[in-house]
There are 2 protein chains.
Amino acid sequence: MSGEGEFGYIRRRLAPLASGYTGAFNLTDDAAVLAVPVGCELVVTSDTLIEGVHFLPGDPPETVAVKALRVSLSDLAAMGAEPHAAMLSISWPRDGSTDLRDRFTDGLAEELSVRAVPLIGGDTTVTPGPWTITGTLFGSLPAGSAVRRAGARAGDHVYVTGTIGDAGLGLLSLQGEAGLGAAVERYRIPPVRTALASHLRGRANAMIDISDGLAADAGHLSTVSQVALDVTLADLPLSGTARDWVARQDDPDIARARLAGYGDDYELLFCAPADCHHAIQRAARETGIPITRIGQVKKGEGVRLLDGSGAPVQIDSAGFTHF
Amino acid sequence: MSGEGEFGYIRRRLAPLASGYTGAFNLTDDAAVLAVPVGCELVVTSDTLIEGVHFLPGDPPETVAVKALRVSLSDLAAMGAEPHAAMLSISWPRDGSTDLRDRFTDGLAEELSVRAVPLIGGDTTVTPGPWTITGTLFGSLPAGSAVRRAGARAGDHVYVTGTIGDAGLGLLSLQGEAGLGAAVERYRIPPVRTALASHLRGRANAMIDISDGLAADAGHLSTVSQVALDVTLADLPLSGTARDWVARQDDPDIARARLAGYGDDYELLFCAPADCHHAIQRAARETGIPITRIGQVKKGEGVRLLDGSGAPVQIDSAGFTHF
């Protein structure tokens with residue numbers, strides 16, 4: 001990394017992002033002191049993004065910064081937590097330009113400002129490998145109110161926020177598939193569902209954010225909750241781009257199952273008792289974040305993606321198929 | 001990374017390291033809930049190690065794990081904090097063997113066990129670049145008692161723990177220099193000065209851990225504290241290996257100044273009022289960790305490394321020199 005050194009960069013560009021958080025000591029110290037809001041507890045999550053793995057070399061540095069924060073904000077929202085503070089460990093590529101660093105930092109500053117999240121620490125290094133960023137995000141919530149992956153009960157409704165499969169279609173577009181350009185933004189910039197956290201605490205019995213894909217993450221929730229999840233493919237919320245894409249495929253339910261297999265949605269999937277349905281609809285209206293009921297929790301184990309006849313669509317070696 | 005997948009590895013090898021920490025949820029959730037001990041506050045620090053930059057390709061994977069934890073334990077000790085919990089984001093090299101992973105995890109498990117530190121989260125990924133590990137360590141200390149880099153006052157004594165320059169000599173040895181084999185261990189495995197934390201809280205006015213080298217880190221402390229530090233080179237505590245190395249150099253003070261320029265000591269450098277001297281000597285005896293007085297805090301700015309005549313040795317373009 002050319003230009004000013006590590007310390008100059010931290011002092012000039014990062015330290016201002018710590019202002020207002022007493023325990024961050026303007027990023028001049030060995031560690032930060034965490035302030036826990038009265039009556040609250042802190043939650044913490046960490047995610048690593050690697051160029052060429054979790055984002056593409058052509059992605060704008062500004063959106064890489066936003067993604068680095070949002071993948072963890074999504075984890076916090078899935079616990080029912082509001083963001084509290086961020087740490088960032090950045091390994092700059094050895095041949096990276098100051099333009100890369102400046103544009104990344106611009107995106108970082110903008111997103112931290114919009115979310116009112118102070119930067120309280122981290123590390124900067126230079127790597128001979130690809131650009132690598134580990135974000136560690138702290139969230140706060142009323143003590144004892146964390147929503148877990150465990151806790152779903154037979155009879156609960158299964159809900160999902162936003163739309164499913166767009167990030168995967170965006171990646172396909174960047175890899176050359178036609179007609180999917182509108183989805184690129186969703187691959188680069190995950191949505192933020194933080195506004196729902198306070199509405200879902202005390203209502204959702206279990207929640208997870210969708211990073212590995214709806215089917216896989218529903219599977220994680222079902223395993224930890226020790227229940228089965230039935231998801232009706234026709235009920236998956238789809239963007240216009242995704243609906244058009246489904247219409248171009250041979251079999252709409254197999255196509256929807258593929259969308260449920262794509263990663264990087266960063267939507268919330270949660271299970272809540274049926275008597276919370278009106279409160280959940282109200283939360284969607286108040287936050288402007290769409291919430292769609294897509295299935296039902298049952299006794300048993302595993303996830304079933306159901307086609308129009310109520311039969312499960314499954315994955316075999318050739319991909320998804322009707323069983 | 002061949003063998004079992006990410007989830008299997010986390011369940012089999014990492015989840016047991018989380019046991020006993022309720023809010024870690026056996027590493028099955030999106031985030032961990034931090035438990036703050038009564039009357040305490042938490043501090044947090046993050047450090048990234050990259051193969052070929054912060055450790056060598058030939059280093060045993062077990063010691064890489066120990067180093068990944070200890071570089072951050074050192075930051076915690078420098079705040080006067082005892083370790084509370086760890087998070088680890090590991091990017092495995094794409095061509096890494098399961099032997100690498102298993103040996104790293106063995107070292108990790110051993111060190112976490114010895115330090116009684118639970119693993120409460122993190123991330124595992126695979127990178128096309130070099131093996132990269134970001135450790136995020138939480139420490140706890142009585143509320144309001146954090147020792148900072150700021151706070152040193154004119155008249156304070158300057159102290160340092162252990163010995164200086166051995167890690168640098170160990171690196172020289174690994175790069176082929178003869179007669180320094182005994183120092184290799186100190187390059188690979190930083191010391192742990194945690195036992196001093198409780199003794200130095202309330203006594204040290206300012207403290208920093210030495211990662212960039214004694215001279216550079218004394219400089220960081222002097223900048224933040226807005227004082228000058230005078231260090232007498234003849235007083236630097238040296239190991240037998242380092243003493244022998246100094247004896248082989250042309251000029252002993254220039255040689256000691258070079259040792260003060262080497263990084264990776266992970267010793268503590270701190271400033272304390274003169275009337276704490278006996279308490280500090282007692283702390284050294286009780287913990288078995290050597291503490292040596294090496295200088296004095298003065299009004300002014302910057303660090304002066306003083307030779308036998310009391311004149312400063314300085315760095316010019318050809319290296320250290322007498323002025």
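Yeah, the Cβs are placed from backbone N, Cα and C, and that goes for glycine too.
Worth saying up front: this structure is predicted, and the values here are computed from it rather than measured.
Noted in TrEMBL for the protein shown:
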BINDING   A:Asp30, A:Thr45, A:Asp75  Mg(2+) 4 binding site
BINDING   A:Asp30, A:Asp75, A:Asp209  Mg(2+) 3 binding site
BINDING   A:Ser46, A:Asp47, A:Asp123  Mg(2+) 1 binding site
BINDING   A:Asp47, A:Asp75  Mg(2+) 2 binding site
BINDING   A:His54, A:Asp264, A:Phe320  substrate binding site
BINDING   A:Gly122, A:Asp123, A:Arg149, A:Ser211  ATP binding site
BINDING   A:Asp212  Mg(2+) 5 binding site
DOMAIN    A:29-139  domain 'PurM-like N-terminal'
DOMAIN    A:153-305  domain 'PurM-like C-terminal'
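Shown here: features listed in TrEMBL, placed on the structure.
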residue	record	DSSP class
A:Asp30	Mg(2+) 4 binding site	coil
A:Ser46	Mg(2+) 1 binding site	strand
A:His54	substrate binding site	coil
A:Asp75	Mg(2+) 4 binding site	helix
A:Gly122	ATP binding site	strand
A:Arg149	ATP binding site	coil
A:Ser211	ATP binding site	coil
Top Cα neighbour of A:Arg149 (ATP binding site) in the set of binding-site residues A:Thr45, A:Asp47, A:Asp264:
A:Thr45
Counting other Cβ atoms within 10 Å of each residue's Cβ, which of the binding-site residues A:Asp30, A:Asp47, A:Asp123, A:Asp212 comes out lowest?
A:Asp212
Would you list the binding-site residues among A:Asp47, A:Asp75, A:Asp264 that come within less than 8 Å, Cβ to Cβ, of chain B, in the order they occur in the sequence, writing 'none' if nothing qualifies?
A:Asp47, A:Asp75
Conformational class of A:Phe320 (substrate binding site) under the three-state DSSP mapping:
strand
So of all those binding-site residues, A:Ser46, A:His54, A:Asp123, A:Ser211, A:Phe320, which one's Cα sits nearest to A:Asp30 (Mg(2+) 4 binding site)?
A:Asp123
Measure the Cβ-based neighbour count of A:Asp264 (substrate binding site), defined as the other Cβ atoms within 10 Å of its Cβ.
23
Taking the Cβ of A:Asp209 (Mg(2+) 3 binding site) as the centre, count every other Cβ atom within 10 Å, in any protein chain shown.
27
With H, G and I counted as helix, E and B as strand and the rest as coil, say where DSSP puts A:Asp264 (substrate binding site).
coil
Looking only at Cβ atoms, how many others are within 10 Å of the one on A:Arg149 (ATP binding site)?
24
Binding-site residues compared (A:Asp75, A:Phe320) - highest count of Cβ atoms within 10 Å:
A:Asp75
Provide the number of Cβ atoms within 10 Å of the Cβ of A:Ser46 (Mg(2+) 1 binding site), excluding the reference atom itself.
24
What subset of the binding-site residues A:Thr45, A:Asp47, A:Asp75, A:Asp123, A:Ser211, A:Asp212 lies within 10 angstroms of A:Asp264 (substrate binding site) at the C-alpha level?
A:Ser211, A:Asp212
Restricting to the same chain and to sequence separations of six or more, state which residues have a Cβ under 8 Å from that of A:Ser211 (ATP binding site).
A:Val71, A:Ser74, A:Asp217, A:Gly263, A:Asp264, A:Asp265, A:Tyr266
Using a 10 Å cut-off between Cα atoms, which of these binding-site residues sit near A:Ser46 (Mg(2+) 1 binding site): A:His54, A:Asp75, A:Asp209, A:Asp212?
A:Asp75
Could you state the whole-number distance in Å separating the C-alpha atoms of A:Asp75 (Mg(2+) 4 binding site) and A:His54 (substrate binding site)?
16
At the Cα level, what's the spacing in Å between A:Phe320 (substrate binding site) and A:Asp212 (Mg(2+) 5 binding site), rounded?
16
Report the largest Cα to Cα distance, in Å and rounded to a whole number, among the residues A:His54, A:Asp264, A:Phe320 that the record lists as binding substrate.
24
